[in-house]
Amino acid sequence: MPVEELEDRVILTDANDSSTKLTILKFGATIISWHHKGQEKLWLSQAAKLDGSKAVRGGIPLVFPIFGKQKDASHPTAKLPQHGFARNNYWEFLGQTKETPSTVQFGLGPEQLDPDTRSKWPFDFTLILTISISQDKLHQHIEVENTGSTPFEFNWLFHTYYRVDDITDVLVNNLVDITCFDQLIAEQYTEKSPVLSFHEEFDRIYKNINQNRTIQIIDKGKVLYNLHRTNLQDSVVWNPWTAKAAGMADFEPKDGFHNMVCVEPGHVSSMVVLPAKQKWSGAQEIEIGGEIKVQANIFE
Ligand code: TA6
């Protein structure tokens with residue numbers, strides 16, 4: 001059965017391979033599991049709340065309308081919690097839209113927000129999330145519509161937690177020469193490492209990455225994942241490491257940071273300005289396997 005709706009989640013199965021499927025929680029429209037040929041590809045904390053009490057620690061939480069915390073106290077997003085409200089509200093399951101690839105949609109609007117959030121961000125909007133699964137690919141497309149009469153500004157980000165065997169063997173490819181803001185030292189610089197490696201806490205926002213760049217997650221010489229982006233100019237790369245993992249109550253096991261890396265495509269280095277009655281869209285496509293492709297010297 002390509003689509004199975006349960007009370008709190010939807011199971012989306014590849015039309016051609018029953019061992020490839022997604023589990024999507026209606027809370028936050030959060031993908032909490034991606035079984036590819038029976039093997040789990042996403043990291044989910046053993047202490048992740050799946051009951052709607054807080055945003056899911058792991059899988060692919062959705063960040064909107066603000067990434068992080070808004071620093072400008074006068075900005076309409078200033079009163080919102082870290083990473084906004086999309087990941088901690090129930091989305092409406094809109095059904096299956098395509099058989100091959102198996103495709104479903106979820107929607108979020110003001111009517112689904114709690115009154116407190118609504119009062120803090122009083123704009124009229126519609127989010128339509130389209131998720132599809134096929135062979136070696138997971139595709140997520142987001143459409144943001146301003147249905148109101150005044151412009152609003154937002155960030156968008158797919159906060160993707162990838163599962164890896166051992167983070168110290170992992171390399172992230174094709175971010176060399178990209179400007180990044182290092183959240184740990186609050187400094188901006190140009191990435192000079194041909195590939196990123198992980199041996200301590202890592203938290204950087206890579207900015208204005210040419211769409212032709214495929215960000216690759218490589219493990220012991222094998223490509224695990226290729227990240228293709230549409231209209232998502234930035235990508236955050238994060239691993240909490242020991243101290244930050246210890247400080248998150250819903251991050252378990254505490255040494256689980258060894259088995260995950262976040263590579264998070266989005267538009268977060270500036271605010272997207274969406275005029276009244278206009279739409280914006282972006283997409284990520286995660287493709288498994290393939291060859292290492294070095295795109296260090298593309299002329300942008
Ligand atoms: O995406 C990286 C990041 O912004 C980190 O700075 C860290 O805060 C992480 O998101 C998790 O944030 P959360 O609100 O889910 O604990």
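Glycine is no exception: its Cβ is also placed from the backbone N, Cα and C atoms.
Annotations in TrEMBL come from automatic prediction, not curation.
TrEMBL has this to say about the protein:
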BINDING   Arg57, Gln82, Arg87  substrate binding site
ACT_SITE  His159  active site
ACT_SITE  Glu264  active site
C-alpha of Arg87 (substrate binding site) to C-alpha of His159 (active site): distance in Å?
10
Listed binding-site residues adjacent to ligand 1, that is, members of Arg57, Gln82, Arg87 whose C-beta is under 6 A away:
Gln82
Can you tell me which of the recorded positions Arg57, Gln82, His159 is spatially closest to Glu264 (active site)? Compare CA atoms only.
His159
Note down the number of other Cβ atoms within 10 Å of the Cβ of Arg87 (substrate binding site), including every protein chain shown.
24
Please report the DSSP secondary structure of Gln82 (substrate binding site), reduced to three states.
coil
Validating a neighbour-count step here. Other CB atoms within 10 A of the CB of Glu264 (active site): how many?
24
How many whole Å apart are the CA atoms of Gln82 (substrate binding site) and His159 (active site)?
13
Cα of Arg57 (substrate binding site) to Cα of His159 (active site): how many Å, rounded?
10
Quick one, of the recorded positions Gln82, His159, which Cβ has the fewest other Cβ within 10 Å?
Gln82
Just to be sure I understand the packing, how many Cβ atoms besides its own are within 10 Å of the Cβ of Arg57 (substrate binding site)?
21
For substrate, with binders Arg57, Gln82, Arg87, what's the maximum Cα separation in whole Å?
14
